[in-house]
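Have a look at the structure below before the remarks.
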Amino acid sequence: MGNHTTVSTFLLWGFSGFPDLQNLLFVMIFFCHVTTVTANVSIMVAIQLSHNLHTPMYFFLCGLSISETCTTMVILPRILVDLLSDNKTISLPECATQMFFFLGLGGNNCFIIAAMSYDRYTAIHNPLHYAIRMTHKICLQLMMASWMVGFLVSLCIVITVFNLSFCDSNTIQHFFCDISPVVSLACDYTLYHEMAIFVLSAFVLVGSFILIMIFYVFIGSTVLKMPSAKGKYKAFSTCSSHLTVVCIHYGFACFVYLRPKDSDSFREDTPMALTYTVLTPLLHPIVYSLRNKEMQIALRKVVDNANRLISQRVNKRTLNI
């Protein structure tokens, strides 16, 4: 991208420091990847097939499942290939593309989670006007804005990173092209670049988190004014799954992206980054499945329909034989 860049390929060092664990890591990551994709696709199918789930909350949940699935597809297949391959090189354009989609989808996840908190605030604070304020058009606009802002910020970060000069080492001390491990290889990385990247990252993470906290302050004040304990419990229970996802998502994301780093800390950060990229997308559908009775019923219907379809096909083949 930049005229001064002399490095054309990078080496993803990542798990090379753990040669004895690579087969185990492959099995674990492959299992998590398949489970994550299956769980998110099941949620999407359940929401589409269940008319009682055609509400704003489940519309955003479906969008989050799509985004989470795409996020894992950007990172995990490449990790699995590298774990089985001796050639762990990645070209500069491929590295930039991977970073662009990973950061864009990650930012999109943050703003979708913020939109979900606005949905919960509207449902609890003003239930009589909920249908007017959360129409399908408004939900679609919020979803589109999440995608656009996420990828716009990602584009700004990628342009900043890949306009730097990479003229020394080409070994990325990570298992994918993340911001800090890549910029640590640049020859002309300055405080200006560091501040620009930090501000853009903080805009996504801290900005969306502040929005979520503002909505939950209003939710809390509304719930505390409710006269009955049953009403309070019901209101808080509708937010429990979302709050759990917020804690998981922002806890890991802020630790990985907002704390100060140096080039010696990337090896120590590998387990945390692996947790964020592999386990976090897996935990989100599990949380919404285990803590939501409507989703449990819808998922059971999907499983029953799938079993019925499989048994019908098996019976047809048996009859043909």
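Going from the start of the chain as shown, residues are counted 1 onward.
Keep in mind that glycine also has a Cβ here, set from the backbone N, Cα and C atoms.
Going by TrEMBL, these are the annotated features:
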{"type": "DOMAIN", "residues": "39-288", "note": "domain 'G-protein coupled receptors family 1 profile'"}
{"type": "TRANSMEM", "residues": "24-46", "note": "transmembrane segment"}
{"type": "TRANSMEM", "residues": "58-80", "note": "transmembrane segment"}
{"type": "TRANSMEM", "residues": "100-118", "note": "transmembrane segment"}
{"type": "TRANSMEM", "residues": "138-162", "note": "transmembrane segment"}
{"type": "TRANSMEM", "residues": "195-219", "note": "transmembrane segment"}
{"type": "TRANSMEM", "residues": "240-258", "note": "transmembrane segment"}
{"type": "TRANSMEM", "residues": "270-290", "note": "transmembrane segment"}
*Contacting positions for the transmembrane segment (270-290) when only residues 6+ beyond its ends and CB under 8 Å are counted*: 14-15, 29, 32-33, 35-36, 39-40, 42-43, 61, 64-65, 68-69, 71-72, 75-76, 174-176, 178, 241, 244-245, 248-249, 252-253, 255-256, 296, 299
*Does the transmembrane segment (100-118) come near the transmembrane segment (24-46), with 3+ Cβ pairs under 8 Å (pairs 6 or more apart)?*
no
*For the domain 'G-protein coupled receptors family 1 profile' (39-288), would you mind checking the mean pLDDT of the predicted model?*
87
